[in-house]
Every structure is written in structure tokens, then in C-alpha cells.
Ligand code: UDP
């Protein structure tokens, strides 16, 4: 199976991959390693190295990191907190994760910008689409923080929104498993992985790739979602080169 077509308009094609600009979405939980909460610095470092190895190919990289390792709005509202307040707390958690990733990437010599949907000028840049595009053209990794800036959304929707705005060729969703299965592979030995699956099947069968609004936004803009395992060393770079196992949603 071939991956997304190259876009011939941009200069300096990346080696080993046809992709020029991609979105990497990871959950906040991916940063906590085997800890039950918060950030696990060696795990943050390992993921930063994965991102650097793709950046070294000349690929322009956008990132969205969730906040579930620190706070989720639904969790707060279940404990009696007002929902929108809880969601803003979740959005602030994503800013902390973005700063941790920025620090790790810059420690590896990769230039980055943290760009927040909620302005906080002392900490990071506000989101201005044209400015973000310019950063990408200058090969700075853009880490989009604070989700969409609105309650009742998730960072999956934020990743899809920014991927569309930045004209990414695909979203790479790094998870703990190597794709989308018909049932939970952690619970069922006979779970089968899809090579490809349509957006409508993901929605109809509730396959749990991303929430429904993110899938619908990807579908309506024909943006492929590649689900792969972030636990596999070299996995991100391999998947961009079309190697390894993964599931492609839509496209
Ligand atoms: N959130 C929000 N609006 C957004 C993105 C995120 O309100 O556009 C809040 C929401 O409360 C969510 C939390 O931020 O639970 C953390 O994001 P998410 O659950 O997507 O993180 P992940 O599961 O990817 O770690």
C-alpha cells in the first residue's frame, strides 16, 4: 500500500518519505510512561528523539499533545466541578505537556515553537495561522497547545483542526497499539487489526480511533489518519517511510 502522495509544490523533498508536512498527535498519557500521573522525563525524551529523527529527514512537523496525564475536563466535572472550568483546566494541562516537549526537543537541537489557542504571552506564542505556517517553512516544530481553546472539545479535534489549517498531508496518531482493531487487543486474543478503514466505519462501529467530531472533521476534509505504535523504537520514522504496521483511516 502506498502512503500519501507527495506535494510537488514545496522545495527540498524529504528523503525516505513522501511526506512534507505532518501532524503528530499523542495523548498526554503517552508522556507518563509507566507512572500513574504526570510526566516521566525519560519517556518525554524518547518521544522527542523519535520526532527529531523525522525532523532530520526534512519533514515539517506539527504536534498536538493531550493533557490526560494531568487533568481531563470530564474527570473534573464528574467530581462536581463546573464543566467548562474543568475543560479549561484540561487545556492548561496540555500547555504544560507542550512546554515539556519543547524543552526536550530543544535539548536535542531542534528549534520549536509552542503555540497556544489561549493567549499566554509570557509563556508561549498565541495562535496566528500565517505565523505558524512560516515557522513550519523554517523547519521549526510547531507544538499546538491549549486544544482548540474551547471547552467541550478534545485534543483529537484540535489536532484535526490544526492539521487542516496547516495543510498537513496526514495525522499520525501515536498510541500504545500498532493500529485500529475490531476489538480491544489487550482483552481479546482474536482481535484483528485493520490495514485500512473508512471514516464512516470508524464512526459506525465506534472503533475509538478519535472522538466523533475529530473523525468527521478529518472525513469532511479528506485528511488521512495513520494510527501506529509510539512504543516501537524508530516507529514514527518507519511509518513515514511506509514500513511497519499501522492502520490508515480514510484518505
Ligand atoms: N480540552 C478542551 N478543549 C479542547 C481540547 C481539550 O476543553 O479543545 C480539555 C478537555 O477537558 C480534555 C482535556 O483538555 O479532557 C485534555 O485533553 P484530552 O482529553 O484530549 O487529552 P488526551 O486524552 O489526548 O491526553
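Just so it is clear, glycine is given a Cβ too, placed from its N, Cα and C backbone atoms.
Positions annotated as ATP binding site by TrEMBL: 25, 26, 27, 28, 68, 72, 175, 181, 184. If you look up TrEMBL, you'll see 67, 87, 148, 149, 150, 151, 152, 153, 154, 155 marked as UMP binding site. The feature domain 'Aspartate/glutamate/uridylate kinase' is assigned by TrEMBL to 21-229. Under the heading region 'Involved in allosteric activation by GTP', TrEMBL lists 33-38.
Mapped onto this structure are the features recorded in TrEMBL.
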{"residue": "25", "record": "ATP binding site", "Cβ contacts under 8 Å, 6 or more apart": "63, 64, 65, 66, 155, 156, 159, 171, 172, 173, 174"}
{"residue": "27", "record": "ATP binding site", "Cβ contacts under 8 Å, 6 or more apart": "65, 66, 68, 69, 155, 175"}
{"residue": "67", "record": "UMP binding site", "Cβ contacts under 8 Å, 6 or more apart": "28, 90, 91, 92, 93, 94, 96, 97, 147, 155"}
{"residue": "148", "record": "UMP binding site", "Cβ contacts under 8 Å, 6 or more apart": "117, 157, 158, 161"}
{"residue": "150", "record": "UMP binding site", "Cβ contacts under 8 Å, 6 or more apart": "117"}
{"residue": "152", "record": "UMP binding site", "Cβ contacts under 8 Å, 6 or more apart": "83, 84, 87"}
{"residue": "154", "record": "UMP binding site", "Cβ contacts under 8 Å, 6 or more apart": "66, 147, 210, 211, 213, 214"}
{"residue": "184", "record": "ATP binding site", "Cβ contacts under 8 Å, 6 or more apart": "191"}
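Within the set of binding-site residues 27, 148, 154, 175, 184, 27, 148, 154 have a CB atom less than 6 Å from some atom of ligand 1. In the three-state DSSP scheme, residue 25 (ATP binding site) is classed as strand. Residue counts for the region 'Involved in allosteric activation by GTP' (33-38) by DSSP state, with H, G and I taken as helix and E and B as strand, are 0 helix, 0 strand, 6 coil. A sphere of 10 angstroms centred on the C-beta of residue 68 (ATP binding site) encloses 21 other C-beta atoms.
Residues listed for ATP, 25, 26, 27, 28, 68, 72, 175, 181, 184, cover a largest CA to CA span of 25 Å.
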